[in-house]
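Here's the structure we're looking at; comments come further down.
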């Protein structure tokens with residue numbers, strides 16, 4: 001019997017050890033009752049970031065939101081006075097129902113909310129509670145009521161973002177902060193005097209709209225009903241007629257008329273560019289048939305590769321914008337992949353233009369490469385194909401929606417449906433190509449403007465010729481695309497970028513005419529190298 005009991009105890013311990021060695025629980029999918037000790041709070045607060053990285057399958061966003069909404073009730077029920085944690089700071093106080101003046105509290109991010117005394121300097125972030133809130137709307141037989149003010153840092157994930165905010169690209173909650181107000185655990189609405197919450201921020205960007213909102217528990221989303229927004233240069237005041245959790249939303253401005261105008265400008269510019277790019281390619285064929293040197297020189301071939309990729313990009317853009325997104329997901333993904341491929345080809349060939357310019361004007365000597373243009377072609381057409389295959393294999397393509405401040409659709413087209421892939425394979429890819437072109441163009445400009453004929457002023461108007469040369473070279477290395485960095489400055493810069501960038505084909509045609517048509521007798525090295533003065537006068541011949 002002793003042996004049997006020993007074996008039973010051993011089996012119990014083994015079974016118990018199996019249960020304790022299970023993998024760690026995923027707190028972002030927790031289902032147990034709400035526990036608010038410091039350990040659980042710190043553990044669950046990590047979901048504010050994890051849920052944005054792991055995706056919805058690893059997070060129960062709705063349950064997490066309910067957890068933090070109920071935290072304020074927990075503080076009131078358990079007579080907690082203050083909470084001071086990195087992600088949440090709260091103040092709970094008893095307030096007399098017959099106070100004679102409004103109450104103000106500071107909401108500084110690094111401090112626990114505190115009551116401001118009369119005459120004290122008002123901080124940039126604060127809340128004002130009208131005296132009527134504590135009297136008229138609460139039972140008259142109570143001499144005091146408990147007030148809770150909570151400042152919650154919701155992080156950069158998907159918790160408390162809501163469907164509208166997640167769909168509205170470029171939108172965010174200001175500083176990822178929510179401010180919760182609760183009095184007596186009552187659902188308080190219809191205030192005769194609104195509560196005022198002041199949020200401080202940097203000077204408002206002209207292409208962003210700031211909106212005061214509250215968290216609608218029933219919809220699980222942000223709403224602005226009952227709230228007004230008073231904009232200032234460096235602060236915004238929200239006035240709301242109820243108590244709940246509040247925040248200030250930042251959303252880009254792009255209404256339907258503006259989106260339509262920009263689309264029309266792009267379509268017109270792309271159409272004009274295609275015509276001039278076609279003229280450029282026809283002119284190149286004519287010169288290649290009539291001039292022997294065009295068959296051996298690499299620079300005109302590189303210009304034609306860039307022109308061809310830009311022509312095809314404009315064509316696919318017009319097809320993509322003009323086509324409906326209501327077809328099958330496969331056809332939409334195919335259109336997005338083709339458009340992405342030619343966009344990357346343009347970026348790559350602009351980088352190769354800069355590389356060839358570097359060989360001509362900066363390195364100059366020892367620049368012979370066997371099968372030079374063939375190698376450039378493999379890189380210019382092959383590398384984008386590899387990137388597109390990688391993006392397609394991760395199911396990155398789909399319907400891309402641009403929405404206005406009322407969350408109405410301004411434009412839909414087949415493009416990326418996953419932002420990380422868009423940032424990596426478009427924004428990052430372009431940034432590398434653009435920065436390389438900027439460096440090379442700056443070096444070439446320095447060489448041109450330090451030529452003896454320029455510094456000594458021997459030729460009248462030589463400086464202007466140098467300026468036009470730099471402008472012409474900038475069209476080849478894609479400087480017009482760099483105007484995209486100015487678009488956050490306002491709507492006017494968006495129009496400028498759209499207009500000038502869509503006309504890149506016109507600029508290339510003008511540069512090609514300037515280089516080759518009047519200078520058919522010019523000579524250059526068939527090996528692909530040139531002296532600096534040749535690079536200055538005839539660019540990449």
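From the backbone N, Cα and C atoms, a Cβ is placed for every residue, glycine too.
Listed features, source TrEMBL:
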- 103-256: domain 'GAIN-B' (DOMAIN)
- 262-516: domain 'G-protein coupled receptors family 2 profile 2' (DOMAIN)
- 1-23: signal peptide (SIGNAL)
- 271-290: transmembrane segment (TRANSMEM)
- 302-319: transmembrane segment (TRANSMEM)
- 339-360: transmembrane segment (TRANSMEM)
- 372-391: transmembrane segment (TRANSMEM)
- 426-446: transmembrane segment (TRANSMEM)
- 467-487: transmembrane segment (TRANSMEM)
- 493-517: transmembrane segment (TRANSMEM)
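If you average pLDDT over the domain 'GAIN-B' (103-256) in this model, you get 84.
Using the rule of three or more Cβ pairs under 8 Å, pairs at least 6 apart in sequence, the transmembrane segment (271-290) is in contact with the transmembrane segment (493-517).
Under 8 Å from some Cβ of the transmembrane segment (467-487) lie the Cβ atoms of residues 207, 303, 306, 346-347, 350-351, 353-354, 357, 430, 433-434, 437-438, 440-441, 444-445, 448, 493-494, 496-497, 500-501, 503-504, 507-508, 510-511, 514-515, 536, 539, all in the same chain and six or more residues away from its ends. With a cut-off of 8 Å between Cβ atoms, the residues of this chain six or more beyond the transmembrane segment (302-319) that come close are 266-267, 270-271, 273-274, 277-278, 280-281, 284, 335, 338-339, 342-343, 345-346, 348-350, 352-353, 356, 373, 376-377, 380, 476, 502, 504-505, 508, 512, 540. A Cβ distance under 8 Å defines the sequence-distant neighbours of the transmembrane segment (493-517), meaning residues of its chain 6+ beyond its ends; these are 207, 262, 265-266, 268-270, 272-274, 276-277, 279-280, 283-284, 287, 300, 303, 306-307, 310-311, 314, 472-473, 475-476, 478, 480-481, 483-484, 486-487, 538-539, 541.
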